[in-house]
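**Student:** TrEMBL lists ASN104, TRP105, MET106, VAL107, VAL235, TRP543, HIS544 with the feature FAD binding site. Under the heading domain 'Glucose-methanol-choline oxidoreductase N-terminal', TrEMBL lists 284-298.
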Amino acid sequence: MGLYTKLPEDLQEVDVIIAGGGLAGCVVAGRLAEADPSLSILIVEQGPNNYAVPEIIHPGLFPRNLHPTSKHTLFWQGNQSEVLANRRPIVPSGGTLGGGSSVNWMVYTRAARSDYDAFDAPGWSADELYPFLKKFEKYQGKGSKDHHGFEGPIGVSSGTFRGKRGEDAFIEAATAVGYTEFEDLQNLDKNHGTERWLRYVAPNGRRSDAAHGYIHPKLRSGDFPNLHVLVEKQVVRVLFDENKKAVGVEYQTNAKFQANPEMQVALQAPKTVRARRLVVCSAGANGTPLILERSGVGNAQILEKAGVKVVEDLPGVGHDYQDHHLTLYAYRTNLTKRETLNGFLDGGLDIQEAIRNNDELLGWNSMDASGKFRPTEAEVEALGPEFKAAWEKDFKDKPDKPLMIIALYLAYFADHSSLPDDSEYVSMANWTAYPYSRGHIHITGPGLLDPIDFDVGYLKDDNDIDLKKHIWAYKLQREMWRRMPIFRGELATSHPKFPEGSKAAVIEKADGPVFDGDKRIEYTAEDEKAIEQKIREIVSTTWHSLGTCKIAPREKMGVVDPTLSVHGVTGLKLADLSVPPHNVGANTGNTAYVVGERAADLFIKELGLGQQARVDSPVDDGQAKVESPVADEQAKEIKIFSLFSVPEHVAFATAVRVILVKAPKPRPDGLSCWQTFVLKVTPPLRLTGLQPP
């Protein structure tokens, strides 16, 4: 199996290097390997192998990746900010093979049609990207079949459990305050309503991540001997020749996995590996701009100040950092321990016993219901003239764009020992779909240990539009909660400190829902100030870092062109969430898959791969699958191997001759559609690398 913590001596040069084994990097590597198994590919990943790690494969254990000691998550500390009550925000991101898809919250949501159209780049419109939206997913949910994919490597389902009472309560309360339930909010056009969320979890309850979907099956099959993965190694920089062509990378062992980390880094001699054809940087919206800057590609003034020789002056690198801004509010409920995920957080459920018994709660992420919300005209007016101007410019004529996302999390993601009683507390999440605030991320020196200059930018926009969005959402979700049959009170410490005697005061305990009909909470100007203060104290990340090396002309602070080539150099591509030029009104994991699939398609064509028939791996149904454009209208015979599961003592497979017959309906990806018929079985031929079932 080609997965190493130390690169073999005979593997010092490959065709393609992928610097970063995150979500998009795994997609690119997997698709390139499928297109041409003879192409030598090396993923260099700073984190560990994620294969079969319990807190990764079991969705119910995902909160363990939030802990600062997690070796599977990176924690980026932002600069201190006055507008955030002088806090230094922490932004986590994926720190293991599979990246964010291995540690995120597994929420299945898609961007709006207008989000992709706003990329304003050839090949990146919503219609052009729709085939890639379908390509990666194996969808098992409601909605039109025209909008989803059913044969991809990434499962989308309900998993093994849903918190039905909590889910129903959210949907019913949203309906009561004017928001319709939709069967499927993820068709790129539906908006302004609620839905019952699906997740990146297979029906058997296992997380569906990019590494387990695109990489591990290939490594374990033995059918892709030229696919290599080097883990626990940090890419320091990309190497360029005298013509500014990327020819390899320099890397070091990640000290996080060594004793005396700082000493280990200081003592290490950097190592290099060469790329014959292409270097792809895929280290995420935080990691990729830092690699580029350490390589000499970035704003010349920043590079010179950091002591890095300038290869290409590209001011857009690390510029325009974006995130979705999150606030969480906690509520007391009458739910039971097995209707929340709290048992895995407070010790009420034995994790090892749950794993032994394959407990259905392990296949659940606690997030069953959500909505995309827009204000009424009256609410827009009440938010002030500056807000109204922003609304009319960016939202009013784009009905597919939500102002805020609001979701119910059936868990309490904080210190359970501080709770006032043993009731089940859960969380309501509000986050900005399209923040106006911008930040940046830059190096301050040439080495891995040098501090970074990271301004998250939260709530720094002109006229406090992002803050006003959160104030509006806080009031809305509170109205919903007071109508929910599971409502038993508000956790005071997670809500604003309203003035004495306020009609908006927190209700700490209740016997049930306290509102119905048109009744609304009344807020004064002083109450609004209390809400604002609380938001500044708690607003945080959604893990949705984006946009630091965007697709755009360099004069518009762009870093890559529509083919994902870095401006001013050759042989260097980017493929991750650093490239979207604008934010998307969704959890960004879906967009990362789309970027990975689109990037792979671009690179395959540019490298001239995929011209021959190929067998995709793994083969779920035991049948060989051929995808191939055929040059003429006549049927062609192609000899392939069927990859049937075989008993351990059998090391044979059967070579079958197949004929491809053109079908009348074109495929959505533009290729012709072919039907396969077995014509003749030839004598058994020995195959290497087959694994017993």
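Note: Cβ is positioned from N, Cα and C throughout, glycine not excepted.
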**Student:** Which numbers of helix, strand and coil residues does DSSP report for the domain 'Glucose-methanol-choline oxidoreductase N-terminal' (284-298)?
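**Tutor:** Going by DSSP assignments, the domain 'Glucose-methanol-choline oxidoreductase N-terminal' (284-298) contains 11 helix, 2 strand, 2 coil.
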**Student:** Looking only at the domain 'Glucose-methanol-choline oxidoreductase N-terminal' (284-298), what is the model's average confidence as pLDDT?
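**Tutor:** Taking every residue in the domain 'Glucose-methanol-choline oxidoreductase N-terminal' (284-298) and averaging pLDDT yields 99.
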**Student:** Say we define neighbours as other CB atoms within 10 Å of the CB. Which of the binding-site residues MET106, VAL107, VAL235 has the fewest?
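**Tutor:** Among the binding-site residues MET106, VAL107, VAL235, the lowest count of other Cβ atoms within 10 Å belongs to VAL107.
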**Student:** Would you work out the biggest C-alpha to C-alpha distance among ASN104, TRP105, MET106, VAL107, VAL235, TRP543, HIS544, the residues that bind FAD according to the record, and give it in angstrom as a whole number?
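**Tutor:** About 29 Å separates the two most distant Cα atoms.
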**Student:** Under DSSP, is VAL235 (FAD binding site) part of a helix or a strand, or is it coil?
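**Tutor:** For VAL235 (FAD binding site) - judged by DSSP and reduced to three states - the answer is strand.
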**Student:** With every protein chain in view, how many other Cβ atoms are within 10 Å of the Cβ of HIS544 (FAD binding site)?
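**Tutor:** Counting Cβ neighbours of HIS544 (FAD binding site) within 10 Å gives 26.
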